[in-house]
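Engineer: Before I ask anything, let me first share the structure, which is written out below as structure tokens.
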Amino acid sequence: MAEWEWEAATVDQLLDVQIYAADGEPLGKVDDLEFTTPSDGGAPVLTAILCGPSAFGPRLGGLVGLTVWAIGRRLSPTGSDPVRVPMTQVDRVNRREIRLRESARPLGTHRFADWTREHIVCQIPGGSR
Amino acid sequence: MRTLDLLGADAYDADGQHVGTVHDLRLESGARPTRDSGEPAYAMGSLVIGPAGFAHRLGYGRAQMAGPWPLTLIFRRMAARSFVVAWADLERVEHRKVTLRSGADRRPAVEES
Amino acid sequence: MKRIFAVALGLVTAIGGFVDIGNLVTSGVTGARFSMSLTWAIVVGTIGMTVYAEMAGRVAAVAGRPVFHVVRERLGVRFGLFNLLACCLLNLLTLAAEIGGIGMALELVSDVSYLLWVPLIALALWGALWRLPFKVIENLFGVIGLSLLVFIVALFWLPVDWGSLTSSALHPSVPPTEAYTTYFFYAVSLIGACLVPYQIIFFSSGGVEEGWTRSSMFQMRLNTIVGFPLGGVLSIAIMATSAVVLQPLGTDVGHLSQVGLPVALALGKVGLAFAIVGFFAATFAAGAEATLSTGYAVSQYFGWAWGKWLRPSSAPQFHVICLITMILGTMLVLTTIDPITITLVAVVLGAAAIPLTFLPVLVIANDRDYLGDQVNGRFANVMGVVFLAVTVVVSVVTLPLLFWTRGGA
């Protein structure tokens, strides 16, 4: 059960919060949230956290945001989808951080870091330590 | 549905008057689980509508800010100009536009400190 | 000796922030032109920086988060990005100014043009940042920077009319040969040069690098109380030596070498050597701070792993951003724009950007969700609001004054 440490959670407070893996590794920030409207027409339910340029771009707005979103779409292998972290993988939520479960394996959060490591860091002497 | 579909949307009352912009969405627990999980999920409980969300985002809508004095005065006053409307009190929700039901209950957006 | 290392972070932040190339030259210039009449500006800058560094340090110790981490959360995506870009630009200009400054210091001793030194300096700075652990960088530059204390020694060695010096400091006046607008331009430059944003970013991130916790509050406060006032004292000492030696001669300061002249006069070659080593350490420290701060700020804005305590493979984006900053800074210097001009622009931009950095610090330091019972007390809040107001005034007048006085000509 995701532990929510404060009662009246609001979307504004959830956005831009840091996401950590269970071991404390920073994974990124909450760029956007995904809601699903249930089939019986109730209020939309929070189903996932979204990260990545395609989620971040629209929030930035304007021409800059559009550019960021376009770059994200180009770089993403699966098309225009941002990285999606379902709420089932979330262990703890509070104003300061979102922590994922031990078993969580969010797809795609490491893509940029891996790319940077492989193509730049490891090319510099002493980088692969 | 993403937050941007609602955040920043224009809000109108039943008479068609523009009452502000939606600058926050409050979540409540206890919704029926979606097929993604087996646990009670969080759903949209209410919308915070008003002139601007800056004061709220800085944290002055809630009781946890200790000051400093001039900023609390200014920002709490700004934050108090917003009101909260329950999801059930929405007549119509379209892309970036919400309409309130007539007689919708408007609660204050600022927590008493 | 170990005691000194406990306050190394505060020391190195102050040395890299208070006596970097911008401050060195501005203190020298103002001493030569206005005697001690701008002492109050350094005092204001020092107190403001100490107050805000303490708040930022408290957030790092209690909440375990450096300041820039929360800027995006509190100011929102757009303001946060604007803040980030302003800081990055400022850091880049500062880095270019510092590399140029080290080059000029080396030119002093070697007669080889500073431009030829620049690639070597950049390589050395990058090598240090890449390989040395944070603690070593901190301790090394913090301690070597202390050789700037030679300015205080020189002050006591020179024939000084203490009466007129102190009265000039306590009763500021504008000499008849200078315009009031020029005086105020240098005042805001000095205040701005003391309050550069990268110091806050570096200090709070450094606190997390050091692993400060709730129980480190005393050590954190010691860092701020020792480091920044010492930086202020050094700046005042440099201003004083210029006032004593250069002002009676009517010499203006246009080059770093002239800042060191009073020390050479007082203590000869040995004194000058200490001064040059001090210049070197301070500008190197500032360059390191500006580079690391950019890495910290960008990584913290996007939520990536950051920190020198992590190996490059564990924080790849952070290290790459530092590298890119170094490359861009070096390129900027190699365009042969006068480093003094770059410094001037950096100081002015810095002055304009300070309120953006200070406001989130003040707000977060009041947030019980982050600090619990360690939120600002009345004193911290009064000081915080007063200095926020000061920075807003400085920010607003700085650009008009720059144009009106044509850069303090």
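Note that Cβ sites are derived from N, Cα and C of the backbone, with glycine treated the same way.
Not my notes, these are from TrEMBL:
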TRANSMEM  C:37-60  transmembrane segment
TRANSMEM  C:81-106  transmembrane segment
TRANSMEM  C:112-132  transmembrane segment
TRANSMEM  C:139-160  transmembrane segment
TRANSMEM  C:180-203  transmembrane segment
TRANSMEM  C:224-246  transmembrane segment
TRANSMEM  C:266-286  transmembrane segment
TRANSMEM  C:318-337  transmembrane segment
TRANSMEM  C:343-365  transmembrane segment
TRANSMEM  C:385-404  transmembrane segment
Engineer: Go through the chain and flag residues at least 6 beyond the ends of the transmembrane segment (C:224-246) whose CB is under 8 A from any CB in it; none is fine as an answer.
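Structural biologist: Same-chain residues near the transmembrane segment (C:224-246) but 6 or more away: 7, 9-15, 17-19, 23-24, 27-32, 35-36, 38-39, 42-43, 45-46, 49-50, 53-54, 57, 148-149, 151-152, 154-155, 158-160, 165, 168, 190, 194, 252-253, 258-259, 261-263, 265-266.
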Engineer: Counting only residues 6 or more past its boundaries, what in the same chain has a CB within less than 8 Å of a CB in the transmembrane segment (C:318-337)?
Structural biologist: 88, 91-93, 95-96, 99-100, 103, 115, 118-119, 122, 125-126, 129-130, 287, 290-292, 294-296, 298-299, 304-307, 310, 312
Engineer: Relative to the transmembrane segment (C:343-365), which of C:37-60, C:139-160, C:180-203 accounts for the most Cβ pairs at distances under 8 Å?
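Structural biologist: Stretch with the highest Cβ contact count: C:180-203.
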Engineer: Do any residues of this chain, six or more beyond the ends of the transmembrane segment (C:37-60), have a C-beta under 8 angstroms from a C-beta of it, and if so which?
Structural biologist: 10, 13, 17-18, 27, 30, 66-67, 70, 168-169, 172-175, 183, 186-188, 190-195, 199-200, 203-205, 207-208, 212, 217, 220-221, 223-225, 227-229, 231-232, 235-236, 239, 358, 361-362, 364-365, 370-371, 374, 376, 380, 383-384, 387, 390-391
